[in-house]
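Participant: Below you will find the structure I want to go over with you.
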């Protein structure tokens, strides 16, 4: 086996039923119930406010090179989300409008790129969610090496092939397949609690006594 230059053709992935259930959950709520330790600091580049959710098809590539991303696109199934560990390098764009167009034709759910992209003006009009670290006009190389369907790190977040990826304007989270049910239940309760809090805030009935209790518990000193 060629470590560092290989394509793993088999993977298990999160059931599509969970993909659908997570569509309406904010990333912030999911992050909160995962102890706020899971997440990648990548920004949405598509500009239409659409959320991103799908099963990860992972790619590790040499910084500035997108050969293995092309292979992943050819392997992708409808609903897959291509997640690329490009080492956070931002000098060369990993994808642009042509690859986004190919992704749309393949029916993928979007791209997550820990690196740069280009053709952002056009990508914003294409309707496919794309999150990335930055923008660069410089194009990529196509020489390899790299790997497809292996564990990767994206913005410090570990992603395994088939993990459930959820993204919105606040960022990206990766949910292990086996944790989807638990996290969905917790995040749904969190969302309901925040909706109730918002209603109480608007009506002026929100109990704010917790603020002074927290100050007292921390032995805060009040100075006149």
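Even glycines carry a Cβ here, placed using N, Cα and C.
Pulled these from TrEMBL:
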type    : residues            : note
BINDING : 96, 97, 98, 99, 118 : substrate binding site
BINDING : 119                 : Mg(2+) binding site
Participant: Over the residue list 96, 97, 98, 99, 118, recorded for substrate, what is the maximum interresidue Cα distance in Å?
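Facilitator: So the maximum pairwise Cα distance among the substrate binders is 11 Å.
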Participant: Select the most exposed residue of 98, 99, where exposure means the fewest other Cβ atoms within 10 Å, treating these as the binding-site residues.
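Facilitator: Checked 98, 99; of these binding-site residues, fewest Cβ neighbours within 10 Å: 98.
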Participant: Rounded to the nearest angstrom, how far is the Cα of the residue listed as 'Mg(2+) binding site' from the Cα of residue 98 (substrate binding site)?
Facilitator: 9
Participant: Around the recorded substrate site, report the further residues of that chain (criterion: Cβ within 8 Å of the mean position of the Cβ atoms of 96, 97, 98, 99, 118; site residues excluded), sequence-ordered.
Facilitator: 93, 95, 100, 101, 117, 119, 122, 123
Participant: How many other Cβ atoms are found within 10 Å of the Cβ atom of residue 97 (substrate binding site), counting all protein chains shown?
Facilitator: 16
Participant: Given a separation of at least six residues and a C-beta threshold under 8 Å, show me what packs close to residue 118 (substrate binding site) in the same chain.
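Facilitator: Listed in sequence order, they are 93, 95, 96, 135, 136, 137, 138, 139.
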Participant: What's the number of neighbouring CB atoms sitting within 10 A of the CB on residue 96 (substrate binding site)?
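Facilitator: Neighbour count, Cβ to Cβ under the 10 Å cut-off: 20.
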